[in-house]
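J.: Following this message is one structure expressed as C-alpha cells.
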C-alpha cells in the first residue's frame with residue numbers, strides 16, 4: 001500500500017470525478033483466497049525449475065557440491081530481491097485505486113504525466129509492450145505447468161511417458177471448455193487446495209534438509225558469487241533457468257485488485273515464501289545426496305508410495321495456476337479494450353456475485369489454440385522451459401521502469417534511492433533478461449512472436465481509431481451548429497425518449513443527423529450520452545454522472561457524461577438510471593427509450609491517400625472493426641429497442 005504522503009501525491013494527479021474505493025483490510029479469509037488466485041504460477045514452479053537448470057545445454061550445470069550450492073543461492077536471492085523487495089514491499093504500494101498490473105500502472109503514470117505528452121506516450125508504449133509480453137507468457141504457463149505435473153507419473157512408472165502428452169491435452173482441453181460456465185463453485189476450493197499444496201512442499205523438503213543440513217548455508221550470497229566467479233559461463237546460462245522460480249512474481253501485483261495487497265503480503269510471508277524456500281532447499285539437499293536424481297528432482301523427493309497422490313495434487317495445483325493465467329488474460333483484455341487498445345470484446349459475466357469473473361470467447365479459444373500448439377511442438381516440459389522466461393523478464397524490466405517514474409514524480413524519491421533501486425533490482429533483472437536472450441533460438445522466439453502480434457494489434461487499433469475519430473468529427477460537424485439549425489427549421493416533434501450513445505459533446509451523433517435526414521422528426525426528449533473511461537479502475541456511482549442541458553430549455557436535448565473506470569461495466573441503461581437523480585423527468589421515460597447507435601463502416605481509401613498507415617495495417621484495422629463485439633451487448637442495450645444508423649468512413 002502507499003503511505004499517506006505518497007497517496008496524497010498520487011491523489012493530486014487524480015481527476016476530481018474519481019474517488020478511491022476503501023482499501024481492503026488484512027483478513028485471513030482473503031489471504032486464503034489469495035493462495036488460489038495469486039500464487040498458482042510461482043507455487044508450481046518447483047515442479048520444473050531445478051530439473052531445467054540441470055538439463056540445459058546438455059547438462060552443463062553439474063550436480064556437484066559447488067554447482068548445487070550456487071544454484072540454490074541464486075534462487076534464494078532472486079526470490080528475495082525480485083519478489084520480496086521489488087514486488088511485495090515496493091511495487092504493490094503503487095496501486096491504481098486498489099488495482100495492480102502493468103496496464104493499471106501505465107494508466108496511473110499517464111495520469112501523473114498528463115502535462116508531459118512525451119513521457120505519457122512513452123508510458124503508453126511501455127504498457128502496450130508489457131501487455132504483449134504478458135500474453136506471450138500466457139500461452140506457455142498452462143502448457144508447462146500441467147505437463148510438468150503429469151510427468152511425475154514417469155517417476156513411478158517409466159512406461160507412463162507415452163500418456164503424458166495425451167493426458168495433458170485432455171486436461172487443458174477440459175479446462176478451456178469449462179471457462180464459459182465460470183469457476184464460481186469450484187473456485188471456492190482453490191484456496192484450500194493451494195494451502196494443502198504449499199504445506200506439502202514444506203513436508204517434502206524438511207526430511208531432506210535434516211538429512212543434509214549443510215544445504216542451509218546456500219542461503220549465503222557468497223555461494224552465488226563464488227559460482228559466478230568460478231564458472232561464469234555456466235552461471236550465466238543457469239540464470240536462464242533460475243528465472244523459472246520467479247515467473248509468477250508479476251501475478252502478485254496484477255491480481256492485487258482481487259484480494260488486496262495486505263492479504264497477499266500475509267499469505268506470501270506467512271506461508272508461501274517459507275514453503276517454497278524449504279522445498280528448494282530440500283531439492284538441493286536431495287541432489288547432494290543423490291546426484292543421479294536430477295531427471296525429476298521434485299517427484300524424487302517423495303517416497304514411492306506417495307508418488308501418485310503427489311501427482312494428483314500437483315495436477316490440481318497446476319490447473320489452478322493455469323486458471324489464474326486464463327482469468328488474468330480475460331481481465332487484461334477487458335481493461336485493454338476499455339482503454340482503447342483493443343476492439344470491443346464480447347465480455348460475458350459468469351458470476352452474479354463476483355463482477356470480476358468474466359469470460360471472453362475470442363481470448364479463450366486463441367489461448368487454447370496457442371497452448372495446444374506449444375504442447376504438440378515441444379512435447380515435454382523441459383523442452384518447453386527453453387521457451388519460457390524471456391517475455392516475463394521483459395515485463396519485469398518494463399514494470400521497474402514505470403515504477404521508477406512513479407516513485408520519482410509522485411513519491412519524490414531522492415535520486416540516490418532511484419539509482420540504488422534501479423541498480424540493485426534492475427541489475428538483477430537485466431542479468432536474468434540477458435541470460436534468457438540465449439533462449440531465442442531454442443524457442444524463446446515464440447512468446448516474443450505472440451507479444452509482437454499483440455503489440456501490432458494494439459498500436460494499429462489505437463492509431464486507426466484516432467484517425468477515424470478525426471474523420472468522424474469532420475462528418476458530424478459541431479453540435480452547436482446543429483442546435484442553431486434546429487432552432488431555425490423547428491423539426492416535427494414526436495413523443496418519447498431517444499438516446500444517442502456518442503463519444504463526446506463537441507459533435508453531433510451521426511444517428512441523430514440521419515434520424516432527422518431520413519425520418520424528418522425529433523423526439524420530445526433527446527439524450528446524448530458518452531461513456532468516459534478514466535485512467536482509474538473504478539469510479540463510484542455517486543461520482544459517475546455529469547449532466548449538461550444543451551441549447552434552450554425547450555429544446556429537449558440533454559448531454560450526459562458517465563465516467564467509469566477501466567474495469568467498470570459500460571452499461572448505458574444503468575447510467576441513465578443513475579442520471580435520473582439529476583433529471584427527474586427521466587424516470588417516466590426509461591422503459592420506453594429508443595437507443596440510436598451511430599455505425600461507422602470503415603472502408604479502405606485509395607493507396608495514394610493513405611500515407612498515415614500502411615496498407616496491411618489498414619486491412620487489419622478494418623477486419624477488427626467489422627468483427628468487434630456488438631455495441632448493444634457492450635452497452636447492455638435491449639436489442640428490441642436499438643436502432644443502428646450511420647455511414648461509411650474512409651481509412
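First residue shown is number 1, and so on along the chain.
Every residue, even glycine, has its Cβ placed from backbone N, Cα and C.
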J.: With Swiss-Prot as the source, identify the stretch among 211-231, 337-357, 358-378 annotated transmembrane segment.
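T.: The listed stretch tagged transmembrane segment in Swiss-Prot is 358-378.
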J.: Among 1-21, 190-210, indicate the range for which Swiss-Prot gives the feature transmembrane segment.
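T.: Of the candidate stretches, Swiss-Prot labels 190-210 as transmembrane segment.
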J.: What range among 310-330, 478-498, 499-519 does Swiss-Prot describe as transmembrane segment?
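T.: Among 310-330, 478-498, 499-519, the range Swiss-Prot annotates as transmembrane segment is 310-330.
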J.: For the annotation transmembrane segment in Swiss-Prot, which listed range does it cover: 437-457, 521-541?
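T.: In Swiss-Prot, the transmembrane segment feature sits at 437-457.
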J.: Who are the chain neighbours of the transmembrane segment (233-253) in space, where the CB to CB distance is under 8 Å and they lie at least 6 residues beyond its ends?
T.: 38-43, 45-46, 48-49, 52-53, 56-57, 60-61, 67, 70-71, 74-75, 78-79, 82-83, 86-88, 91-92, 100-102, 105, 134, 137, 141, 224, 227, 264, 268, 276, 280, 321, 324-325, 328, 385, 388-389, 392-393, 395-396, 399, 431-432, 434-436, 438-439
J.: Are there residues at least six beyond either end of the transmembrane segment (124-144) with Cβ under 8 Å to its Cβ atoms? List them, or say none.
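T.: Contacts of the transmembrane segment (124-144) (Cβ under 8 Å, skipping residues fewer than 6 from its ends): 41, 48, 102-103, 105-107, 110, 168, 172, 175, 247, 250, 254, 321-322, 325-326, 328-329, 332, 336, 341, 367, 370-371, 374-375, 378, 381, 384-385, 387-388, 391-392, 394-395, 398-399, 401-402, 446-455, 458-459.
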J.: So what's near the transmembrane segment (30-50) in sequence-distant terms, Cβ-Cβ under 8 Å and 6+ beyond its ends?
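T.: 24, 71, 75, 83, 141, 144-145, 148-149, 152, 187, 189-195, 197-198, 201, 241-242, 244-249, 251-252, 255, 258-260, 263-264, 266-268, 270-272, 276, 279-280, 283-284, 287, 294, 297-298, 314, 317-318, 320-325, 381-382, 385.
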J.: What stretch of 158-178, 190-210, 310-330, 358-378, 413-433 shows the most Cβ pairs under 8 Å to the transmembrane segment (268-288)?
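T.: When the Cβ pairs under 8 Å are tallied, 190-210 comes out ahead.
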J.: I'm a bit unsure how to read this: which one of 190-210, 413-433, 437-457 has the highest number of Cβ pairs shorter than 8 Å with the transmembrane segment (71-91)?
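T.: Answer, by Cβ pair count: 413-433.
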J.: Which stretch, 158-178, 310-330, 358-378, 387-407, tops the Cβ pairs under 8 Å count with the transmembrane segment (437-457)?
T.: 387-407
